[in-house]
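Read through the structure below, which is laid out as structure tokens, and then see the notes.
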Amino acid sequence: MPIRIPEQLPAQNVLLGENIFTMDMDRAANQDIRPLEVGILNLMPNKIETEVQLLRLLSNTPLQINVDLIRIDNQAPKNTPQSHMDAFYHDFSSVVNKKYDGLIVTGAPLALIDYEEVKYWETMTTILEWAQRHVNSTLYLCWAAHAAMYHFYGITRELRDEKFSGVFKHKVNDPNNELLRGFDPSFYAPHSRYGHIDTSLYNSVDGLNVVAESDEVGAYIVASEDKRMVFVTGHPEYDPDTLKDEYLRDIAAGQTPPIPKNYFEGDDPATSPIVQWRSHGSLLFTNWLNYYVYQTTPYDLSQLAEKSQPKR
């Protein structure tokens with residue numbers, strides 16, 4: 001899928017170097033089709049790295065996508081130049097009246113903070129409610145998945161003493177679910193989180209299905225029956241070195257993190273990571289775009305129906 005992004009966005013050169021098709025605004029304007037409108041609410045500290053990871057995964061099907069990068073507040077991120085934020089990001093207030101075919105809400109390094117103590121929690125809940133009226137299908141990743149479960153269903157995560165870190169084996173629970181079309185019966189995916197919600201709690205919610213899970217780390221992909229919400233508790237978007245970088249960062253900060261499981265050869269951090277999740281990660285995003293976004297969204301987004309309120 002050619003993704004339509006602003007000229008000069010740093011991710012463009014990275015993606016072109018990987019032979020991933022991007023399209024500038026002028027060329028896109030000459031295609032006589034309606035592109036999908038997808039927003040990315042980027043909560044990660046390193047905005048540029050996350051942009052590359054997600055744009056890479058959005059690029060693999062044959063439809064055009066307009067991508068809006070959205071910020072949740074005006075505080076300057078520690079790991080991204082302010083000039084980048086000013087050039088490429090929309091404040092939520094500037095898109096509040098817009099409707100989207102799809103929205104991705106990223107994870108955030110807030111695992112050990114109570115939701116109500118998060119500085120932008122009030123804005124976060126406003127956006128969660130806004131998405132019910134303005135977005136056809138929303139994909140929540142890691143922290144955002146747990147935060148949305150808490151807001152919509154009152155389900156509280158537990159915080160583990162030791163972080164889930166590594167690449168874990170998962171199984172397909174519902175092979176007929178379109179999100180998992182083309183998946184192997186078992187597959188691997190990265191996780192990096194302290195928070196955990198027991199699978200039984202997801203199953204207790206009417207209209208939600210745990211379509212893929214792990215014996216080690218629990219529910220991985222949870223989907224609403226109406227396709228309007230998808231909760232992914234891991235990080236299918238991660239680059240090969242992301243878990244390694246997080247591990248080394250925590251060590252440098254004086255912590256004693258666990259060595260990421262199933263990631264280094266012989267559990268030796270001096271070796272190169274074993275990458276065994278990228279094909280399924282790409283397939284998950286492709287299936288979401290095709291079956292949960294493109295196949296269900298109205299051609300005229302002004303006709304987008306308000307989602308019924310989740311039952312708490």
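Counting starts with 1 at the first residue shown.
Cβ from N, Cα, C; glycine included.
The site 'Important for acyl-CoA specificity' annotation in Swiss-Prot covers Ala111 and rests on sequence analysis. A 10 Å cutoff on Cβ-Cβ distances gives Ala111 (site 'Important for acyl-CoA specificity') a total of 17 other Cβ atoms nearby, all chains included.
The active site, acyl-thioester intermediate feature in Swiss-Prot is assigned to Cys142. Cys142 (active site, acyl-thioester intermediate) falls within neither a helix nor a strand when secondary structure is assigned with DSSP, and so counts as coil. Every protein chain shown contributes to the tally, and the Cβ of Cys142 (active site, acyl-thioester intermediate) ends up with 27 other Cβ atoms within 10 Å.
Residues or ranges marked as substrate binding site in Swiss-Prot (evidence: sequence analysis): Lys163, Ser192, Arg249. For the recorded site, Ser192 (substrate binding site), the DSSP three-state label reads strand. Using a 10 Å radius centred on the Cβ of Ser192 (substrate binding site) and all shown protein chains, the other Cβ atoms total 21.
Per Swiss-Prot, the feature site 'Important for substrate specificity' maps to Ser192; the stated evidence is sequence analysis.
Summarising the environment of His235 (active site, proton acceptor), the number of other Cβ atoms within 10 Å of its Cβ, over all protein chains shown, is 23. Taken from Swiss-Prot, the feature active site, proton acceptor applies to His235, supported by sequence analysis.
Residues or ranges marked as active site in Swiss-Prot: Glu237. For Glu237 (active site), applying a Cβ distance below 8 Å and a minimum sequence separation of six or more within one chain yields Thr50, Gln53, Leu54, Arg56, Leu57, Leu141, Gly281, Phe285.
If you count neighbouring Cβ atoms within 10 Å for each of the binding-site residues Lys163, Arg249, the highest count belongs to Lys163. In this structure the residues listed as binding substrate are Lys163, Ser192, Arg249; their two most distant Cα atoms lie 14 Å apart. Put simply, of the recorded positions Ala111, Cys142, His235, the one whose Cα is nearest the Cα of Lys163 (substrate binding site) is Ala111. The record gives Lys163, Ser192, Arg249 for substrate. Within 8 Å of the mean position of their Cβ atoms, the other Cβ atoms in that chain belong to Ser165, Leu243, Glu246, Tyr247, Asp250, Pro257. Taken residue by residue with DSSP, Lys163 (substrate binding site) is part of a strand.
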